[in-house]
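Features of the protein shown, as given by Swiss-Prot:
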type	residues	note
TOPO_DOM	1-228	topological domain 'Cytoplasmic'
REGION	158-165	region 'Important for inositol polyphosphate binding'
TOPO_DOM	260-264	topological domain 'Extracellular'
TOPO_DOM	297-309	topological domain 'Cytoplasmic'
TOPO_DOM	338-343	topological domain 'Extracellular'
TOPO_DOM	384-388	topological domain 'Cytoplasmic'
TOPO_DOM	423-429	topological domain 'Extracellular'
TOPO_DOM	535-553	topological domain 'Cytoplasmic'
TOPO_DOM	622-691	topological domain 'Cytoplasmic'
MOD_RES	663	phosphoserine
REGION	667-691	region 'Disordered'
């Protein structure tokens, strides 16, 4: 692998601008070589002056890059030292409390079943668990910084070697010895010491001396391109998707036959539509995950997933394919129910019952950790006023807004099975009299309207909670106003529908109010999508017209197509309200998957915007703490900032003299004297063809 590709694959995306600009240096060298005057037509002195001038510019650029790398490394190292001191304080406090407790006298006792513990023991158990997670995230940040150190040194060595080869000189090697090999980012070995001390602390204080268990907890996922999925996972993805395609073709022919013999199949459509939307959502989320990884958007950090164990796009395709097969088989069974001994109403119940069981299955099988994460996130979403709202919380609530049809169809299914289904018949899901008006299709008692408002309500109260936490009216209250327009839209749609059925004279008034709030809501959400969620139409966009200054995805056409798509689908309701009710139901069924697709496109650019925010803050790992930063920690941080090897003022002298000793006056743990050195090796080849 060429080093440029290796560098691109192994950098930390949030620190991309802080790495050596290897490609820019290569272009600089090749451009100088191409533009150099020929010895055949120019005297030798002119050629020498040309290359001397170029080398002066080249080494000045190298100095700027080296200063940038030194400064960034010093900042991140000071941050790591502060973080390690804080974690040591938190761990020492937990150990002190544990020693004072008569109920818990050793760390081993915290492993007994949680439901046998007292309240104090539960809190202590949770603190130790949080500390383990915090140390594992901190260890990951250290490995990333060590990786940054090694990649940049290798980059300088490679580019200076290439310089010497192209210009047929040794000044590049001399410059490396004089400047790079004495630079703080390379000579400072404090990062190795922190890695060793972290391993020792986790081994001796949190894992009772079991180094193998400690290193398993601290294991760092491969730094670089996505690792290939297990062969069996890929096999299952191909198998499930192939079967799903075949069953879909069969389903189309069966549906045509069913429509020819029985044209009143609307209940089947309503009952099975939600399942299809869920499967479509999972499949498109798999494509989202693949696209984010390919573009370098760190969705694992954004969603605060466990970097050591999370679902890849192959796993999402596998789940979507498996559920898709069950959905097809269940619907086919309904079509052929008249020749079956099993009543038709059993099949939908079996399908959705299995889906619910798959999600809440308490056994540690079928992606247990991911399912538990989703259930916990759903709980946080539905109890939003009582929790601090994170990105994953409002992202999931946003997805529910595009999946509101699933909630409405669930309400319809419950109503249908409760009031319209003839349980003593097995011919079909429809009432005996097709001409009988459907009770569950109406806005009876406002239940459908309330269900339709639930997703918007969840986002609304999340915005209020974020305002309570931050006291920032913009954007949180303004965003809450956006979701409040949904309440008016749904309310007037319900009033229009009920008054129209009863032939009231004020029906037209509610219709115009409905259309008015639809326009307000669509314009509001469209502007918010493009400007706030996606960060587009930035006045400093430069050459990225109507976009933003920095874009992640390679083609600008992606952004322009997404803008057009968002405008069209945000105003697609115009088609739905301009036609008859019967055809309107069909159009609504067509638009529901399109709304899921719109959300799929939205996901790409919303996470890109969040990723760029993380890049601006150089945030590459989760910051997990048991306790907030106290006064002592703040004082230590300020002292560290004032030290020579702490975070230095960028405007002051950037001398390469570096004092590697920093005194951290913290309670020493027993494990600190047993630290062992660990190093991450960076692939390095001296073959010039690979540079």
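Placement of Cβ uses the backbone N, Cα and C atoms for every residue, glycine included.
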Outside the topological domain 'Cytoplasmic' (535-553), six or more residues from its ends: residues with CB under 8 Å to it: 295-297, 559-560, 563, 604-605, 608-609, 611-612
Sort out the residues at least 6 away from either end of the topological domain 'Cytoplasmic' (297-309), same chain, that have Cβ-Cβ distances under 8 Å to it, and list them. 13-14, 136, 140, 219-221, 288-289, 291, 369, 373, 390-392, 395, 552, 607-608, 610-611, 614, 619-622
What is the pLDDT of the topological domain 'Extracellular' (260-264) when averaged and given as a whole number? 59
Close approaches to the topological domain 'Cytoplasmic' (384-388) from elsewhere in its chain (Cβ under 8 angstroms; 6 or more beyond its ends): 397, 458, 461-462, 464-465, 469
For the topological domain 'Extracellular' (338-343), what are the DSSP-based totals of helix, strand and coil residues? 2 helix, 0 strand, 4 coil
